[in-house]
Amino acid sequence: MEPTKFDLKYASIRRAIIEQRFSSLNEKQREAVFATEGPLLILAGAGSGKTTVLINRIINILRFGEGLDSSYAPAGATEEDLLFLTEYLTAPQPENREHAERLCAMHPAKPWEVIAITFTNKAARELHERLQAALGDEESASAVWAYTFHTACLRILRRHVDLLGFETAFTIYDEDDKKRVVTNVMKSLNLDTKTFDPRTVMSMISRAKDKLMTPRQFRADGAGDYFREKVAEVYQLYEKEMKKACALDFDDIIMKTVLLLQSNPDVLEYYQRKFRYVLVDEYQDTNYAQYVLTSLLAGYYENICVVGDDDQSIYKFRGATITNILEFEKQFKDAKTIRLEQNYRSTGNILNAANEVIRNNVGRKGKELWTDHGDGAKIHLHRSDSQEGEAAYIADTIREGVEQGLRWGDFAVLYRNNVLSDNIAAAFIRAGIPYRVYKGRDFFSRAEVRDMFAYLWVLENPADELRLRRIINVPARKIGDKSVETAAQLAVENGVTLYETVCHASDYPALSRGAAAMEKFGEMMENLRKQKEFLSLSELYDGLLDQTGYLAALEARGGAEEQSRIEHIEELKSYIVSYENDHDDASLAGFLEEMALYTDADQSGEEEDAVLMMTMHSAKGLEFPVVFLAGMEDGLFPGFRAMERDEDMEEERRLCYVAVTRAKEQLYLTCAERRMLYGRTQYAHPSRFIDEMPRELLDSNIVERRMFQQVTQPAPGLSRAQVARARYVSPAAAAPSFAAPAAQPAGSPLPDFSAGCRVRHKAFGDGMVVSVKPMGGDALLEIAFDQKGTKRLMAKSAAQFMEKLI
């Protein structure tokens, strides 16, 4: 049916009102807001207002639906409605806005039909708060699924995890808990923790889960690789122990959700039809499991909008794959791509430097950041004679800035590696500069805080044997390790949990010596479990501190260390009270989940009036008026290892792009001629990333700007890393008598190193080759050294310093 004249007139007025509603956005932002149907890729450059676009896109979906493009008036619309809209368009009044938007709606989505997935709790909170402010409706804003990947998956798992054989009251294990389980499993398999570093094993299991690989699939994928086959054994037994404890780790939360959806078509269909619109933020940071999850959820309507910046993909070490964003248009053939290139954060000179650096990457979509804020100050490049000189320069420059009216909190010092922070912190102390070294979840890693969480988790999930073992004799209750081991063995033999065995210890003659103490502990825990049904969380916490005797034990000792621990325990209560204030339906399970998902990015310390020091990775998503990038030297940034492979160099360059674009007004690049690292004084050249910046953008104290020519191809017979090391050498290496052996010619035979063979390295000692990966005419060796841990070395270079034993 063709639209009537009334329809067309109504549609015209409605379109004008909707466009007026989003008139504060720039042209590309509005285009992204209005493209609601079908797959959409928004390439959002740094500082381009992507959160603003996400918020307004959701508002458009909820308020107007198909209103912008429809040629028809809503069913039941009247001439009176048209007159009201005409008058509103001419002279909009705030009190009439809600009614006008209601008249402009055409099939709008319900709030619960929208899921917006972010990576951090901080981003999810900001999304919710801004959505509430824009909608003016707390109920509607809360109904939108604005969550992190893990929180969204937990909501699904809590409802359906029984289909995977888990209890709904499952526990979430953090990295320390996970390490304990992995270490125990390795001991049961008689695996040497020097050869099989638990951290390496944990990382391999995490990466397997990122790729949705079960233990069986992981074993098949690594067939013939001795190290991977052993890790597969650990993985299989680890999963068994986790299920026994009714526990999931962080990687499980997403992997198990994907497996749940894939193995239960009715559950998948429910969520696919529930979510008409799927929005994903920071898509460049997604791994394979997250890619599959979002693809599954969007499988019915295909109204999926992913927002990200391929130039800011810097989490490969966590399993992120840039392929997801680079190949989005291949996955969705009808996908539309919109580039947000106008930057609202940084000056023109800062953006131009970032553009020129990232232009050297091959694996990217391509975009050009620009601003109408003007060029601003040039980028300051300062080379000091030493690391102490570099630190003093940074401190002096910051103090001068504060004397000119800036705040301490306006400054941030970023570095590639935490090893650079000590000298800078020492300079700040000498200069009386307040500073904070950002270290993520330090508070939650303290023993007393972990003890409190262990108690709370056992109250929620008594099957959590790992945490039960942690607290059963803390404070001391005369329950020895031997008694606990006996109880654990009895639990296995009788098919019950350790907790149940402890609560009924007197039923087991083998526990006669510790039975009374165990049952007393069990009675206390059962009493607390009953109290949690009617006490508030903060009251339950107070009761826990009192009944366990934990607080009294610390107070009895009375030392300074004990007082500090008491303060941390009291600080944890502030988290509980804050959670209660924010949640009308506060529960122990909800609090534990929220704290388990608390990430580094949720505590940036931006509100402190102190200079913030952090790694470049930690700075992602933040911005500061003045930024110092310290240690800008080849060998440090980019690092030697990254120079071995082009894809790793591209990731380092993306990290540089991220670091540069944190600065709003002033950017300082600092480096040193010599630096003490790992007990050796080394000389260095400025980072090649500096050389990629146009010299007209720099205000430099280096007389000869081009300290070295950019090397796009290695010199004959030398790898990129060897070329870099030639620029970053120790004084001893500069002397002819201590010169390193000549590199093997490029065409020489590949040394005979194979997985499983023993080797002896002049610097690292004896070890075992665990994997060999061919790379052109060379090979990357992964070697587990007996004393130095796992190292990755290029075969031809390593052959000069290493011999094969067996």
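Each residue, glycine too, has its Cβ placed from N, Cα and C.
The following features are taken from TrEMBL:
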DOMAIN    23-347  domain 'UvrD-like helicase ATP-binding'
BINDING   Ala44, Gly45, Ala46, Gly47, Ser48, Gly49, Lys50, Thr51  ATP binding site
DOMAIN    348-621  domain 'UvrD-like helicase C-terminal'
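Mean pLDDT, taken over the domain 'UvrD-like helicase C-terminal' (348-621), works out to 90 on the 0 to 100 scale. Ranked by Cβ neighbours within 10 A across all protein chains shown, the binding-site residues Ser48, Thr51 are led by Ser48.
With all protein chains in the displayed structure included, the most crowded Cβ environment within 10 Å among the binding-site residues Ala44, Ala46 is that of Ala44. Lys50 (ATP binding site): 21 other CB atoms within 10 A of its CB, across all protein chains.
Taking each Cβ in turn and tallying the other Cβ atoms within 10 Å, the top scorer among the binding-site residues Gly45, Gly47 is Gly45.
Secondary structure from DSSP puts Gly49 (ATP binding site) in coil.
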